[in-house]
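The next block holds one structure in the form of structure tokens; read it before the comments.
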Amino acid sequence: MFHSIEEALEDLRQGKAVIVVDDEDRENEGDFVCMAEAATPEMINFMVTHGRGLVCVPVTEEHATRLQLAPMVNANTDKQGTAFTVSIDEGSTNTGISAHERSQTVLAMLDEQKDADDFRRPGHIFPLIAKAGGVLRRAGHTEAAVDLARLAGGIPAGVICEIMNEDGSMARLPQLVEIARRFDLKLITIADLIAYRMRTESMVKKEIEVQLPTAYGDFRIAAYTNELDGKEHVALIKGEIGPDEPILVRVHSECLTGDIFGSYRCDCGPQLHAALEQIEANGRGILLYMRQEGRGIGLINKLRAYKLQEEGLDTVEANEKLGFAADLRDYGIGAQILRDLGVQRMRLLTNNPRKIRGLTGYGLAVEERVPLQTPEHLHNKQYLSTKQEKLGHLLHLNG
């Protein structure tokens, strides 16, 4: 159904448009997207005729600053936080609304000899400011357009137009598939663009690596910074890491209450210690400690979830009651750290099939799942049962 990002980039380089679909839980919409430098009158006319939405021009913050594109409103209350600027027309246009004149405005925006005084405000082209970091910071069509233009080798600016049906309703996936077929356009998802960038770019920086003697044995500890959000992650490394055989790996998400305070509500602490013991016994391996407290919802929200569990909800229901998915963790940054450490093939210490899928999706080979069984007891029995029944964890529970 969907095309690859590589196929879409090739079409964009040839001046074609593609259809980009966002997440079902977000806007659940498709937009026509092209590189801004491909915004011919024919392209604009195609978008307004067959898309029927608003023609917008996503640009970088630097681009918006150069043209003095101020925010459209002082207080942005849009549900998705779309960063509209004041609308513009190129100064020599007439009304600015025709396909020819909208094309003229878009192309003028790319001319570095033009400045703010060369445009009238308001107008008929609606610039949008993409977040620095692109779809890795905000999974919107704005960021997707700028990312795609950059990845295609062009100026990081695009043209987008929402796609509506003839009756004025929003086109959903079945209609978008038909539109892509009718006009021979590539159809891609923002989720696939995120995965592509995580596979092909590096967003992590190793800051330091030192020796770390522990109660389990002698390790090296390497600290990494996620350059997108500033979060710090660490890897405990045992032995030499190379491609000659699969490496024993544990990807462990931070759990202050379990790892540090020995909470009985979860099995995180016992899993952490068991993993270190197994890596030490194996003589070689990596424990990657990721700052993803509470399966990604953070410490305060995890404690709020505990409160809801005291009122009778299970761990999944509590997350959903707070407005979160059952598991918000993303394994892309972890995969980049493992790649930086030289890991290509691994034996993964986990009971979580989603973790296996998450890491293999970023180009790492999981050649074996090594179970990580820890004791169950009165306090964590329901928690473990919920992980097994609702999250698909591969556990062997008593009764």
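Cβ from N, Cα, C; glycine included.
What Swiss-Prot records for D327 is active site, proton acceptor, and it gives sequence analysis as the kind of evidence. According to Swiss-Prot, the feature active site, nucleophile maps to R329. Here Swiss-Prot flags R26, E27, D31, R138, A139, G140, H141, T142, E162 as D-ribulose 5-phosphate binding site. Summarising the annotation, Swiss-Prot assigns Mg(2+) 1 binding site to E27 and lists sequence analysis as the type of evidence. Summarising the annotation, Swiss-Prot assigns Mg(2+) 2 binding site to E27, H141 and lists sequence analysis as the type of evidence. According to Swiss-Prot, the GTP binding site annotation covers R250, V251, H252, S253, E254, Q271, E293, G294, R295, T315, T350, K355, on the basis of sequence analysis. Marked as Zn(2+) binding site by Swiss-Prot on the basis of sequence analysis: C255, C266, C268. Positions annotated as region 'DHBP synthase' by Swiss-Prot: 1-199. Under the heading region 'GTP cyclohydrolase II', Swiss-Prot lists 200-399. Residues annotated as site 'Essential for DHBP synthase activity' in Swiss-Prot, with sequence analysis given as evidence: H124, E162.
It is D31 that, of the binding-site residues D31, E162, E254, E293, has its Cβ surrounded by the most other Cβ atoms within 10 Å.
Put simply, of the binding-site residues R250, E254, E293, the one whose Cα is nearest the Cα of E162 (D-ribulose 5-phosphate binding site) is E293.
Comparing CA positions across the recorded positions H124, C268, E293, the one lying closest to A139 (D-ribulose 5-phosphate binding site) turns out to be E293. Look at the recorded positions H124, H141, R250, R295 and count other Cβ atoms within 10 Å of each Cβ; H124 has the fewest. Counting only same-chain residues at least 6 apart in sequence, those with a Cβ under 8 Å from the Cβ of C268 (Zn(2+) binding site) are H252, S253, C255, T257, G258, D259. Cα of R250 (GTP binding site) to Cα of C266 (Zn(2+) binding site): a span of 17 Å. Each residue contributes its Cα atom, and for T350 (GTP binding site) and C266 (Zn(2+) binding site) those atoms are 15 Å apart. Those residues of the chain, other than C255, C266, C268, with a C-beta within 8 angstroms of the mean position of the Zn(2+) site C-beta atoms are T257, G258, D259, S263, R265, D267, G269, Q271, L272. Under the three-state DSSP scheme, A139 (D-ribulose 5-phosphate binding site) falls in the coil class. Of all the recorded positions in the record (H124, H141, C266), the one with the smallest CA separation from R295 (GTP binding site) is C266. Spanning the residues R250, V251, H252, S253, E254, Q271, E293, G294, R295, T315, T350, K355 that the record associates with binding GTP, the maximal Cα-Cα distance equals 23 Å.
Fewest Cβ neighbours within 10 Å among the binding-site residues A139, C255, C266: this applies to A139.
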